[in-house]
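Participant: Let me begin by handing over the structure; questions about it come next.
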Amino acid sequence: MSTVRADVAIIMGSQSDWATMRHAAETLEALGIAHDTRIVSAHRTPQRLYDFAKGAKAEGFKIVIAGAGGAAHLPGMTAALTSLPVFGVPVESKALSGQDSLLSIVQMPAGIPVGTLAIGKSGAVNAALLAAAVLALGDDKLAERLDAWRAEQTAKVADHPMDEA
Ligand SMILES: Nc1c(C(=O)O)ncn1[C@@H]1O[C@H](COP(=O)(O)O)[C@@H](O)[C@H]1O
């Protein structure tokens, strides 16, 4: 656990999710947003989930990014236990290519919102960008960094395709 105060908590159901969720961490890193990464599972470590979600606000987190695969209850259960914004990333599962993850994260009952992103790496990157956009509402310097990140992305898109080596 980090001792530095972090705005964003990135939690994931298993070590195996890190290959996906590290893209969220790297994107936050690129934007200079302090974050913490933890393995928390509604299924395998329910007490850890309860303690994390109940204490997340007091720890100073402003946003939670939760990635899980398969029967992905982690984002929804986290949202049930905290009123912080929760962004859910469906991790691509082997058996069903992440469709199970997506549907189990996105279909929340009215009253407990989870902002659900795309399956896999795109979702992890976009969860971080969405977190950045929310935090930038109250942080002009971050808003500038986010604009610069977007401009850099735009500048990297070629006008014409070329043959790949
Ligand atoms: N969906 C959940 C939850 C949860 O939702 O609490 N905890 C673990 N898992 C998922 O199980 C998948 C397989 O995990 P293992 O690779 O450890 O067997 C992972 O994608 C994880 O997110």
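For all residues, glycine too, the Cβ spot is worked out from N, Cα and C.
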Participant: Determine which of R38, R44, R48 appears in TrEMBL for the same substrate site as S14, D17.
Facilitator: R44
Participant: Taking the Cβ of S14 (substrate binding site) as centre, how many other Cβ atoms lie within 10 Å?
Facilitator: 18
Participant: Between all pairs in S14, D17, R44 (listed as substrate binders), what's the biggest Cα distance, rounded to the nearest Å?
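Facilitator: Those residues reach a largest Cα separation of 14 Å.
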